Structure formats: structure tokens, C-alpha cells
Amino acid sequence: MSATKYIFVTGGVTSSLGKGIVAASLAKLLQARGFSVTIQKFDPYLNIDPGTLNPYEHGECYVTDDGAETDLDLGHYERFLGTPTSQGNNITTGRIYNTVITKERQGAFLGKTVQVVPHITDEIKRNIQLLGESGKYDIVITEIGGCVGDIESLPFLEAVRQFRWEMGPTDTLVIHLTLVPYLNAAKELKTKPTQHSVKLLSETGIHPDILVCRTEHPLPAELRKKVALFCNVNINSVIESIDAETIYDVPLLMKKEKLDERVLSKLKLSSKNEPDLESWKVFLGKLKNPLSEVNIALVGKYVELPDAYKSISEAFIHAGAMNECKVKIRWISSEQLQKDNLQHHLGFADGILVAPGFGERGLEGKIAAVEFARENNIPFFGICLGMQCAVIEFARNVLGLKDANSTEMNKDTANPVINMMESQKNVTMKGGTMRLGAYPCELTKGSKAHAIYGKSKIMERHRHRYEFNNKYLKQYEKEGMLATGINPETKLVEIVELRDHPFFIGSQFHPELKSTVENPHPIFVKFVKAANDFAKGKK
């Protein structure tokens, strides 16, 4: 018998049904019972990782402690479980093929014809087991990206079929997420898409153990019986996943449906405890019953697709609940912003966040937003490029360096206050070559940053090529912009703050990536508090 149990989550009918949320919710319930759980995502695209994908294509690129550029679903896994993920938690078709082709070039297959079966499927199975073989986990949940029926997913499904055959029926389990749509004209829920989806999955040799049915309306007992009969599953294995007010309701909804009990029963696992979700319920209580409200302007260049800033919006939810304050984000395109319309676009704001990003498009609008926040004493938070915009704005409007810029935007600027890191100057490949992952940072005692964290040494995650140019540091500090977070090894500036401003913080790192339900990130918590205080002051 295997020491680790393996659960696979597949999806059908349509994408965006929420496989990641269902997987994370199940993992949370199992974790709350005392099991050690992790989740991995298999993405069926040919990119090695999503690091070079346009946010409009893929949404946010989530970065792990060990520097992996991954799918945004890993953010959900970390936020729900409160445990870090790694390179091994996100595998793409591109990585699988790259590994197999590299082995072939090295002669590892001894002249054999390299094929999808067995070579690609064997590599997929090896990656499924890597986390389980680490000895850290009782249960590994694997989410298979895409939909059943997609050509791209076929090798993964074949690998799952083989894996189940090899491991046996009590060490593996398949959950299939499907859609039960409501036809308004007929005034009824329809099961046919679910039946066809299960049929497609069965054609690959995989029969689901549990069906999770996404629906807008409750599933009547007769309909559950019909789904169970035609899809050949136990009636108590037809799980309703009704549309929720917030994704953070889903673990409680799945508990109500006894999803975790069904899983434990099928895997022959005795439950250690009833799920302890008290702290989760406290969080939900604060989230749903706020005592105040703040308006945050999120200034970015990808605001048409909020998923591009998924971790930021979730970090605001966590910080808002901590402050018992509803955070209303207004998405502001930086390309709209000019000096003569700032009051119109930003006058409502109790706080302004300038978002991370790359490239010149929308940069001047971000810089204008920084100036508006600085001059009007509005709480300000800049992340990555947002911090760099704060540095450029201060140089132009306070230090008098009118042509100050980043060498990313203007290689020939006379005042490169933001410069490419030395370690990046000879890098020619784009993918996976930035400064990625968790690095240490030392905070200046007596600074606002130190007060926010309550300690001197922190670790935060990064994704950048450019840095503050330390040649200008004395000029900045003389005029009141202080570098209060420094990397102890490279002296890279990680945090800047304004001395004479109620809340003005810029971070080169991405704090949103470490905010979880049970441990909201302190910068976001204090930023929301500052915005709340500012809002009260306006009344």
C-alpha cells in the first residue's frame, strides 16, 4: 500500500468552473482534519512556464519561494492552506516535453523511438509522484488543467489512467467537476452536459469516483439520482457546488455536502478529527460584516482583466477582514491618467495602489498617480514597478531631475534612477531569468516599514530585472525618501518610504504573494488601516 494517497481533479463542459477552488477547498477540509496535504497543477500548454505569457492571455503569474513562475491557481492553494508551494507544484506540457527531449539528446532512451506513450506519460507519472515521494504529505491533489475532450489534455489523462491502474483503487481517486446549467426558458436544470462530459472522460479509461456539479440553483434529490444513474456513480457521490457569495465560502459548502467524508471513505482513510474551521469562520464573519468601507484606486495597465492582479485583490480581502473594513477596488487604467484629469479619476480614493508591470505603456500615468498621492497625503502603496514609479516621480518633482527615468523605458536617460541589475546585463533569454523567488531584507529600526512588520528581518518574493540606483541614494534620503528595507548581501533597495507622509510605501518585492486567509500580509493590513483613517478624516 502507498504511504501517500493521490486525488485527481478533472473538469468538463467548459473552462473556468473553478477546479482550483474546489481542489483548494477539499485540501483545506482535509488539512483541517489533521492530514498533511499539497496540491499541484498540470497545465496542458507548451510554454515551459507562464513567465513569458501576456497577462491578458493567462492572468497573473504567481511566483513561489523557490522562484518558480507558475499558474495563478497556486496562489489559491497557498491562500487556502497557508503553506508554500514550489516548482514541483506546477507542471506544464512544455516542461514535460523539454525534459523528455533533453533525455533523448543525452542518449537516455538507448536508441528507442521516443513516443507519447510510454515516454511522455511516464514523465507525467514521475512528476505526479515527486511530491508524494518527498515523504511530507499524506495526500497529494493534482488538478488537470483544461477540459476533458481537449487534445492538449489527452497525455495527462492517459497518464492518470495508467497511474490509477498501477496504484490500485484505494490509493487514487478522481473527482470530475462539471456544469449543470439552468435553462431559463425551460425553467429547469439540465443534466445532459454532465452526462456527455462523464462519457468523454470514460472514453479515456477513467471513471470518476465523485462528481462535483457547478450550479446556480440547488440540485433536487431526483436530479441527483438521475445524474448518479446515468453517470454510474453513487448517489452520495454527486456533490452540489452552488454559486457562492465569495470563494472563501466554498470550503464550508463542500463540508456541508460531505465531500471530505466521501473522499476519506473511498480512500479507506480513517478521519483523524472533525475539520477545525473556527478561524476560517471568524475570517468569514469579519469579511461579511464590515464596520466601515474604503475606496482603493488600483492603477495598472491590465485592469480590463482583474485576474492579472489576482493576488493583490485577494490580499485586500484578507486585509479588509482583519480591519473589519470592506475594500472596494476601483480599477484605473494608467493610460487614461494625465496631470489635468487626476482629480476626476483619483479624487474618490482613500488609498492609491500602483500595480506591478513591465514596459513603457501606461508608465507616465502611473507616475502621475504617485504625484497625486504624494501631494495630497493620500495613503500610497507601490509594488515592484509601482515602487520604481514612486522613485522616478520623486526624482523629477522633488530632486529636480526632470529627465529621471528607468533604463527599462529609456536606455539613454541622463539620470537612470532605476537601472538594470548587474546580474541581468548579460542575460539574453527571457524565460525564467529574472530575479525570482524569496530573498532576505533587513528593515531600518524606527522606520515605518519596521513598525509595519514588527521585526528587523523579513523574507519576501521577487520578480524583476531592474533596481533602485544606489548612486542617487544620498540625494533621496536628504530630501525625505528613505530606503528602509535593504538586501543584506547585495544592498539592493527593497523598500522606500516617505518621511513626511502619513503612509507612503514602495516595495520592490511582491507582498501580495504571501498574504493568506489566516495570515494577511502586514503591509496590506496597515495600508487598509491608513486608507480607513484617511476616509474618516474626509468626513
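Every residue gets a Cβ built from N, Cα and C, even glycine.
Site annotation for L-glutamine in Swiss-Prot covers Y56, L385, G386, M387, Q388, E408, R465, and the matching candidate from G88, G357, G437 is G357. Binding of ATP is attributed by Swiss-Prot to S16, L17, G18, K19, G20, I21, and the same site annotation extends, among D71, D73, D122, D138, to D73.
A Cβ within 8 Å of the Cβ centre of S16, L17, G18, K19, G20, I21, D73, the residues given for ATP, is found for these other residues of the same chain: G11, V22, A23, E143, L177. Between I151 (CTP binding site) and S15 (UTP binding site), the C-alpha separation comes to 14 Å. Nearest neighbour of K192 (UTP binding site) by Cα distance, taken over the binding-site residues L17, K19, Y56, Q388: L17.
If you compare Cα positions, Q195 (UTP binding site) sits closest to H510 out of the recorded positions G386, E408, H510.
Reported as a whole number, the C-alpha separation between D73 (ATP binding site) and K190 (UTP binding site) equals 29 Å. Cβ neighbour count for Q195 (UTP binding site) (all protein chains, 10 Å cutoff from its Cβ): 16. Taking each Cβ in turn and tallying the other Cβ atoms within 10 Å, the top scorer among the binding-site residues I21, M387 is M387.
Listed in sequence order, the residues of the same chain lying 6 or more apart from C384 (active site, nucleophile) and placing their CB within less than 8 Å of its CB are P356, G357, R463, H464, S507, Q508, F509, H510.
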